[in-house]
Amino acid sequence: MELLAAAFSAACAVDHDSSTSESDTRESAVGHLPGSESSSTPGNGATPEECPALADSPTTLTEALQMIHPIPTDSWRNLIEQIGLLYQEYRDKSTLQEIETRRQQDAEIHTNDLGSPASEETLEEEEEEEELPASPPERKALPQICLLSNPHSRFNLWQDLPEIQSSGVLDILQPEEVKLQEAMFELVTSEASYYKSLSLLVSHFMENERLKKLLHPSEAHTLFSNVLDVLAVSERFLLELERRLEENIVISDVCDIVYHYAANHFSVYITYVSNQTYQERTYKQLLQEKAAFRELITQLELDPKCRGLPLSSFLILPFQRVTRLKLLVQNILKRVEERSERECTALEAHRELELVVKACNEGVRKMSRTEQMISIQKKMEFKIKSVPIISHSRWLLKQGELQQMSGPRTSRTLRTKKLFQEVYLFLFNDLLVICRQIPGDKYQVFDSAPRGLLRVEELEDQGQTLANVFILRLLENADDREATYMLKASSQSEMKRWMTSLAPNRRTKFVSFTSRLLDCPQVQCVHPYVAQQPDELTLELADILNILDKTEDGWIFGERLHDQERGWFPSSTAEEILNPKIRSQNLKECFRVHKMDDPQRSQNKDRRKLGSRNRQ
């Protein structure tokens, strides 16, 4: 924690003289608040002294604004009916906007730093693009929360709602509060879109009578799992969020609701996601073995309701949602006042969501790892003393073929191909098994060692023959003696990946980003990537990562900021964030999100009264 605090302090120093860079997709419109140019209104230039109400607590501010324009209670189902996008579409567009916003900020600050500010014409074009009006929703006698009413327009911002425009609150709120309102509003609208897609999964696919007749009850249960429980929780969660919005057009908070549901009801997500391995296998088998099932699914997917999306995109919704929900809470946390009640609730909500996400990941891993270990053990034949492979605490980190070099290192006959023979390595989290592949898809084990007793060393450049060769030392192998192997990888990236996996604790720069110099290179994901090997990292759009290492042949070893997960990924899936001020801001935001480890957390927790907020 001391290292993290030191990095945070350095980040503050670097960013002291710069304006804060923002990563939220809604920020660009904040600079165009109605009345922001007027000196008589508390807009961009207002201070707490000039606007006493703004210096008060969020509760005081909310009470003051209630007198301006409360929203009368209405049916929450109007929210669902007026959502124009399925969650898959909503999520993709939202992350793409986030990527583009970050690109613009990076380019703008970088250009300004070089002394070549953007032209007025370009700025005017950007302002016009940001201010494109959405199609106005149909107005009724009472004001409604009309969310995403036009599926062909840009997302409706909180500040774009007619109720907000006509209320005058934009003349009162400071820009940072508007950004916070947008972040909370996005959480609600995205939940509504998610519920819409989840309902379609149930009504259009799961409850289809023809599909019910085709599937055996056990197949249906494996395919759809406890999705009805997930849907019911989402419905209650959305109802609570909608009620909060109906209390006031200026949202007081939503993270207390998120905390309550994450702590008490989101276990249904763990059950659903843990079934993912069996779900995917069952779905593939049904498509391959049942022509009637395949034809019916194709027909159902062509229905206009599905917007061209496959059933698989609906089945994965719960896992996507619970991970996205954590990021949305992080976005809120970046906006709330430090040491405020809203910060406390956001931190607690984020902590509970992290527990849920970790439990979901562990559930998936546990199922897949067990099957994988059983499969591997069946393929192994031991030339040495047998080693029990299957263990509840063991899993595969990396496997693959390398070339073992035999003979003395100083041999002048390196061109002789006999100097190299194929070996196959299975690297587990606690064990290395060295084999040779034999006929029948089998592997003959001839050596092994605990992972903690492995050491690696990269050879100096000795020409093309020894390119991508590294030394692997087993301090204590299967024969209780030290053994050395010279191994040749197929590429530079493959060599580095093996070296990183075999001995991650060796003295290298592969350490946590919080203990390195502040200005670490960063990238953002612009193309999603699904890990193909255990040492790779699955990336989603807009993920931000610190670069720990990179290879000349196009691979990056990175650490994702929002969860500190590490792994390799192709450099083509990401683009570098060039401006150090934005990198510094990303690090500061990461520190704030993860400061729940601070000892002061216990003191803050004593002051909190989650779920019993007084909003009168």
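Glycine is no exception: its Cβ is also placed from the backbone N, Cα and C atoms.
Here TrEMBL flags 14-29 (among others) as compositional bias 'Basic and acidic residues'.
According to TrEMBL, the feature region 'Disordered' maps to 14-55 (among others).
Per TrEMBL, region 'Disordered' is recorded for 103-139 (among others).
Summarising the annotation, TrEMBL assigns compositional bias 'Acidic residues' to 121-132.
Feature annotation from TrEMBL assigns domain 'DH' to 179-363.
Annotated domain 'PH' per TrEMBL: 395-507, in sequence order.
Under the heading domain 'SH3', TrEMBL lists 518-579.
TrEMBL lists 594-605 (among others) with the feature compositional bias 'Basic and acidic residues'.
Residues or ranges marked as region 'Disordered' in TrEMBL: 594-616 (among others).
Residues or ranges marked as compositional bias 'Basic residues' in TrEMBL: 606-616.
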For the domain 'SH3' (518-579), residues assigned helix / strand / coil by DSSP: 3 helix, 29 strand, 30 coil
Integer average pLDDT (0 to 100) for the domain 'DH' (179-363): 94
Residue counts (helix, strand, coil, in that order) that DSSP gives for the domain 'PH' (395-507): 17 helix, 53 strand, 43 coil
